[in-house]
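Straight from TrEMBL, the features:
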{"type": "REGION", "residues": "150-169", "note": "region 'Disordered'"}
{"type": "COMPBIAS", "residues": "157-167", "note": "compositional bias 'Low complexity'"}
{"type": "DOMAIN", "residues": "191-465", "note": "domain 'Protein kinase'"}
{"type": "BINDING", "residues": "Lys218, Lys219, Lys318, Ser319, Ala320", "note": "ATP binding site"}
{"type": "ACT_SITE", "residues": "Asp316", "note": "active site, proton acceptor"}
Amino acid sequence: MSKPVTTSTYVRCLSYGLVRQLADFIDPQEGWKKLAVDISNPSGESRYNQMHIRRFEAFVQMGKSPTCELLYDWGTTNCTVGDLVDLLIRNQFLAPASLLLPEAVRMAQEVTLPLSSQETLPIHEKQLPIQEKEVASVKPVLVQSTEKQCSAPPYLSQENSSSQSSSTDFHNFSFHDLESVTNNFDARPESAGGNKLGEGGFGVVFKGYINGRNVAVKKLVAMVDVSVQDLKQQFDQEIKMMAKCQHENLVELLGFSSDGAQPCLVYEYMPNGSLLDRLACLDDTPPISWNTRCKIVQGTANGINFLHENNHIHRDIKSANILLTDTYMPKISDFGLARASVTFTQTIMTERIVGTAAYMAPEALRGEITPKADIFSFGVVLLEIITGLPPVDENREPQLLLSIKDEIEDEEATIEDYVDEKMSDWDAPSVHKMYSVAHQCLNEKKNRRPDIKMVCKALTDQSRLKME
């Protein structure tokens, strides 16, 4: 029996049949475009530009519904039915809104329409007929979240804290000590004399110095759409994950802190930063050679292989989470989103979509957790290695890096047209071999993607080809 739809239901969790019903109202005469241009990011900027609109239009030629695809994409931001109904009412799509929350639509009509109009107009007449009728402006219904906002509690009880330290070899640092070794969490970039190394959805990373060695201290801080409970779960998950998974291609966790205002995780320091930054030559660092890039992808694949062998799915493989030692050995980081599965080949469904959209497999966008999603994400990383381009760039055509696969398939370009010009030691045979692996990893059908062992073997063959 399906759960009732409420204001707090994630749009991602709506049934396919209900989404299709919504599309039947919105698809005619391209009503979905009105919605797309009215959707904003948390920053207030429009989420979709003309490039995105053209992509949604292309689904019509493929026999797909642009409204469905729009809702699938927007749903990855964890928007709720309350958000969707606000959007529909604001754009006077009352009929589809009434399919979701009829009471919200009734309240909106009472506020904006004369009583006589409400009594005489059937519901489908109250929807804005695209450029056919003029209907009174409808104000959005402001839906209050059912989740309570609470002050940050201690992240681990005394019982939890002691069990963490006794069940792992990780050092339990005091928050005061971590403040001291990071210059009170100096938020200036390292290049400006501060300690900040970077930040992500769950916190900020600072450089510290403990017992004669550099370390990276990740202070977990609530960002946009991240609750206190999310932080605690990320903190606990990362400690548990790192206690079980130790490998030369996984970043090493040294310790943690749970007695301060924010929980902290202490890692080994990676002097060459992230693969994303090095490919971009951030801070005027020299370009990475093709030979080194090949070693980086091989090591990264080995790290993923170790995770998968131990029944763990990372869920956020990306170049920003591949860190580099002083010798450019890659180490995968950020295990707070990782999931363990007893039956590893089984698909797990989740209501909360996590990960980075530019790397996410189609099934991951729909809430499925499978090891093949890591394979898809790694395919995007392989394209970054070959091209030196970031995964997404709004000023580039195509904006999504994985879309170059379509251009190559359509014979509009070759992979050699995209090879990073900053490299001088690449050779066509090994580039083509790596692209072949990337192409297989990026198959939209998860069951047609190779598993990580096949990827490792193919990359080993590619390395041998490079040496010949």
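Here, residue 1 is simply the first one shown, and the rest follow in order.
From the backbone N, Cα and C atoms, a Cβ is placed for every residue, glycine too.
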Alpha-carbon distance [Asp316 (active site, proton acceptor); Lys218 (ATP binding site)] in Å: 17
Neighbouring C-beta atoms (10 Å sphere around the C-beta of the residue listed as 'active site, proton acceptor'): 25
Span of the ATP site, taken as the largest CA to CA distance across Lys218, Lys219, Lys318, Ser319, Ala320 (Å, rounded to a whole number): 21
For Ala320 (ATP binding site), the number of other Cβ atoms found within 10 Å of its own Cβ: 19
Lys218 (ATP binding site), number of other Cβ atoms within 10 Å: 28
Lys218 (ATP binding site) in three-state DSSP notation: strand
Neighbourhood of Ser319 (ATP binding site) by C-beta distance under 8 A, where only residues 6 or more apart in the same chain count: Ser274, Leu275, Leu276, Leu279, Val381, Glu384, Pro391
Surrounding CB atoms that lie within 10 Å of the CB of Lys318 (ATP binding site), all protein chains: 23
Same chain, 6+ residues apart, C-beta under 8 Å of the C-beta of Lys219 (ATP binding site), given in sequence order: Leu178, Phe185, Gly203, Val204, Val205, Phe206, Gln262, Pro263, Cys264
